[in-house]
Amino acid sequence: KTETRLLIGSDSEVKFDKDGMSDTESKVDSGGPEVPVAPDDTPVVLNKALSGLSSRWKNWWVRGILTLAMISFFFIIIYLGPMVLMMIVLGVQIKCFQEIITIGYSVYHSYHLPWFRTLSWYFLLCVNYFFYGETVTDYFFTLVQREEPLRILSKYHRFISFALYLTGFCMFVLSLVKKHYRLQFYMFGWTHVTLLIVVTQSHLIIHNLFEGMIWFIVPISCVICNDIMAYMFGFFFGRTPLIKLSPKKTWEGFIGGLFSTIVFGILLSYVMASYRYFVCPVEFNNDSNSFQVDCEPSDLFQLQDYTLPSVLESLTGWTTVRLYPFQIHSIALSSFASIVGPFGGFFASGFKRAFKIKDFANTIPGHGGIMDRFDCQYLMATFVNVYIASFIRGPNPTKVIQQLLALRADQQLLIFNSLKNHLTEKGLLPVLEEVNA
């Protein structure tokens with residue numbers, strides 16, 4: 001019986017029986033049009049230098065060299081500061097959105113239906129306007145209140161955002177074509193799910209960044225470390241398949257990546273926690289009219305002594321260790337990056353198998369598209385944001401004061417009198433007056 005195959009690019013092929021798919025499953029999944037993907041654009045210099053190697057080792061070297069290049073670029077943008085990082089996140093978001101929408105468009109375009117690509121990019125603009133407007137108002141309130149146009153946009157931000165979205169919604173309804181309603185609603189859902197996955201998660205990454213660059217760099221670095229170490233352990237020691245969606249993933253790589261990432265997270269956190277540049281939130285300075293990263297580090301980034309459990313004490317001979325509290329939190333971050341984070345990659349693998357493609361695009365030789373590199377990062381961003389809100393962030397007096405200053409004078413006076421009466425009843429006001437005196 002002839003084996004069912006799908007050619008991808010020029011050098012590789014996917015055999016569905018090796019991926020755990022039966023003939024019946026292959027027939028069911030082959031209902032839609034196949035999405036063509038261009039061959040991997042490996043640089044000519046690398047092709048010549050690695051021409052004598054087998055395809056397995058050639059791929060290993062290509063991935064390794066490009067990984068080092070991407071890590072170097074990552075260091076450069078960290079040096080350039082948080083605003084550049086925010087712009088890079090926005091650029092990555094747009095590229096990931098384009099890669100996913102292009103796959104949908106390849107299916108949709110065969111029916112010659114109008115406006116899908118235009119509406120998709122319009123909805124991206126609307127959602128970004130909403131999220132970035134909320135972020136600017138939340139984190140840079142004093143800047144917004146100082147400029148009259150920004151103040152007006154901030155005051156009516158949600159109404160403007162809704163009006164923009166409603167315009168796109170009406171345009172979609174007007175674009176409906178008889179006999180193709182189901183497909184058009186399918187693509188409408190495709191766009192909105194893509195927005196949910198890509199735009200919402202990138203927005204959370206920026207929120208994490210504003211809490212302090214360490215909350216951005218450590219989680220992303222843990223995912224990168226786990227990806228590299230799992231690949232290395234799997235490449236050299238992998239024998240036991242992990243999941244059918246990704247036949248090349250092995251238990252050896254999974255476990256090796258887990259322990260390596262935890263150690264890496266602890267060490268990286270120790271180095272970064274000693275620098276204010278990494279631990280301080282991003283704030284706008286009214287006096288210098290610029291964004292600054294400077295503060296008195298919180299207790300989270302102050303060295304403390306911890307007593308070791310008896311088991312570790314007997315093994316190491318140490319009774320106490322001196323750590324930053326953030327290093328304890330880094331264990332939770334690196335564990336999530338190693339245990340749950342890969343499921344973002346498995347999800348992406350299932351998506352690609354559904355459309356019979358090897359990669360989302362061919363942007364990075366040996367790696368695929370940008371989305372292929374960030375499939376786990378988006379899941380990690382959500383976890384970090386939830387983790388900060390649940391275990392780290394407390395009430396922020398600065399934001400409360402900013403909101404009070406935006407009120408009318410009579411409202412501010414009412415709150416002042418209410419607070420004064422409350423402090424007097426608690427017996428705190430006389431104490432405060434004595435301290436001030």
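A Cβ is built for glycine as well, from the same backbone N, Cα and C atoms used for every other residue.
Marked as region 'Disordered' by TrEMBL: 15-34. Sequence annotations record features per position, and here TrEMBL assigns compositional bias 'Basic and acidic residues' to 15-28. For 115-132, 159-177, 184-206, 212-238, 250-273, 326-348, the entry in TrEMBL reads transmembrane segment.
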Most Cβ pairs under 8 Å with the transmembrane segment (115-132), selected from 184-206, 212-238, 250-273, 326-348: 184-206
For the transmembrane segment (250-273), give me same-chain residues lying six or more residues beyond its boundaries with a C-beta closer than 8 angstroms to one of its C-beta atoms, as numbers and ranges. 214, 217-218, 221-222, 225-227, 229-235, 237-242, 279, 297, 301, 323-324, 326-327, 329-331, 333-335, 337-339, 342
I need to check the long-range neighbours of the transmembrane segment (159-177): which residues 6 or more away from its ends have a CB within less than 8 Å of a CB in the stretch? 113-115, 119, 122-123, 125-127, 129-130, 133, 153, 184, 188
Beyond the flanks of the transmembrane segment (212-238) by 6 or more, those residues with Cβ under 8 Å of it: 60, 63, 67, 71, 74, 78, 82, 85, 205, 248-258, 260-261, 264-265, 268-269, 272-273, 277-282, 293, 326, 330, 333-334, 337-338, 341-342, 376-377, 380-381, 383-384, 388
